[in-house]
Amino acid sequence: MSNVYDILKERGYIKQLTHEEEIRELLGKEKISFYIGFDPTADSLHVGHFLQMMVMAHMQKAGHRPIALVGGGTGMIGDPTGKTDMRKMMTKEQIEYNCNCFKKQLAKIIDFSEDKAIMVNNADWLLNLNYIEFLREIGVHFSVNKMLTAECFKSRLEKGLSFLEFNYMLMQGYDFLELNRKYNCVMELGGDDQWSNILAGVDLIRRKESKSAYGMTFTLLTNSEGKKMGKTESGALWLDPEKTSPYEFYQYWRNVADADVEKCLRLITFLPMDEVRRLSSLEGAEINEAKRVLAFEVTKLIHGEEEAQKAKVAAEALFGGNVKDLGNMPTAYIDKDDLNNSLVDLLAKCEILPSKSEARRLIKQGGLYVNDEKVTDINLVLTEEHVTEDGIMIRRGKKNFNRIVVE
């Protein structure tokens, strides 16, 4: 079996690592336990977590054991990384519910049977810490001068950084130490924005335990313009089908820019690299084949083959003009009483768009269509005249479709 390090390197996941030669040798000759942390601030994972899941799956396929650490304890503080404001603190009940949702989603591509992967909650050890003991055992190993040079803190110093958040790096470092002691976890993985926190944990284990520990970060999923992928007009692209339907999920990947196809095929599918290279070499109209494969493969991973097939059929029916096969399109249901209300109100009420202001903005920009007719009047009222045999068809931009059915 080839070394998983080489697989991760070839597919373009790896951004930074602490000890390159040692890590490659370790992954080639031993089966290790490693961990990735998940911040339970929502009840669903989103596309921003997708790379972490893929790396975990590649590592597990090579015989290594993933530990999914949910931050039930740190989530009650909030990670300052990449944030300009202090996060809202969450209740234990919210965090526990979110953790359960995460495990169901992770289990779609990670095997949790027979301890092949485990999920742990850092609340188990953080919430009962003795503050004095923690300062004496852990705090003594952290230099404030060094911490202040970390990017996650530098960007917050001018606007204000609470002592609560300043402790986050110590907590994350302590997580790694606890996992090392309990599960012989020797490596922490994460997005490149976690580099400073990962280094802190590696250094803590080497100081406290006089043992080797390693860290690796991977690239963030960005498009050719450097912007994070996974954002839509309706907000984040969620992995929960109740928040982002399989059809919308499929359509997002079907419509990525030509320049992003190769990167997405490498990073978020398990297609062999020879097939990735073949699909990525297609040009002109043929690149659509690669986009269809990408959309199907990614949707299959998250929602299963049946839902991926339904989304594919719905998308092809739409572009082929066959509106009889659109049962899998995102559909909102309203009462007859809801007619004779403004389009803007209904779009917000049906959650087709996140707000009335977003609906108005789209109309002003000429990007909203009802039954394939451009909407030019912000005050347009939907009436029975707009209801066709298949409902009211809403199009946002060129390729985002929804249907409103009157019951």
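Quick reminder: no glycine exception, Cβ is built from N, Cα and C everywhere.
What Swiss-Prot annotates here:
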BINDING   TYR35, TYR168, GLN172  L-tyrosine binding site
MOTIF     40-49  motif ''HIGH' region'
MOTIF     228-232  motif ''KMSKS' region'
BINDING   LYS231  ATP binding site
DOMAIN    341-405  domain 'S4 RNA-binding'
Quick one, of the binding-site residues TYR35, TYR168, which Cβ has the fewest other Cβ within 10 Å?
TYR168
Between TYR35 (L-tyrosine binding site) and the residue listed as 'ATP binding site', find the distance joining the two CA atoms and give it rounded to the nearest Å.
26
Whole-number Å distance separating the Cα atoms of LYS231 (ATP binding site) and TYR168 (L-tyrosine binding site) is 27
Give the maximum pairwise CA distance in Å, whole number, for the residues TYR35, TYR168, GLN172 listed as binding L-tyrosine.
17
Using Cβ atoms only, which residues of the same chain lie under 8 Å from GLN172 (L-tyrosine binding site) while being at least 6 residues apart in sequence?
GLY37, THR74, ASN197, ILE198, ALA200, GLY201
Please list the DSSP helix, strand and coil residue counts for the motif ''KMSKS' region' (228-232).
0 helix, 3 strand, 2 coil
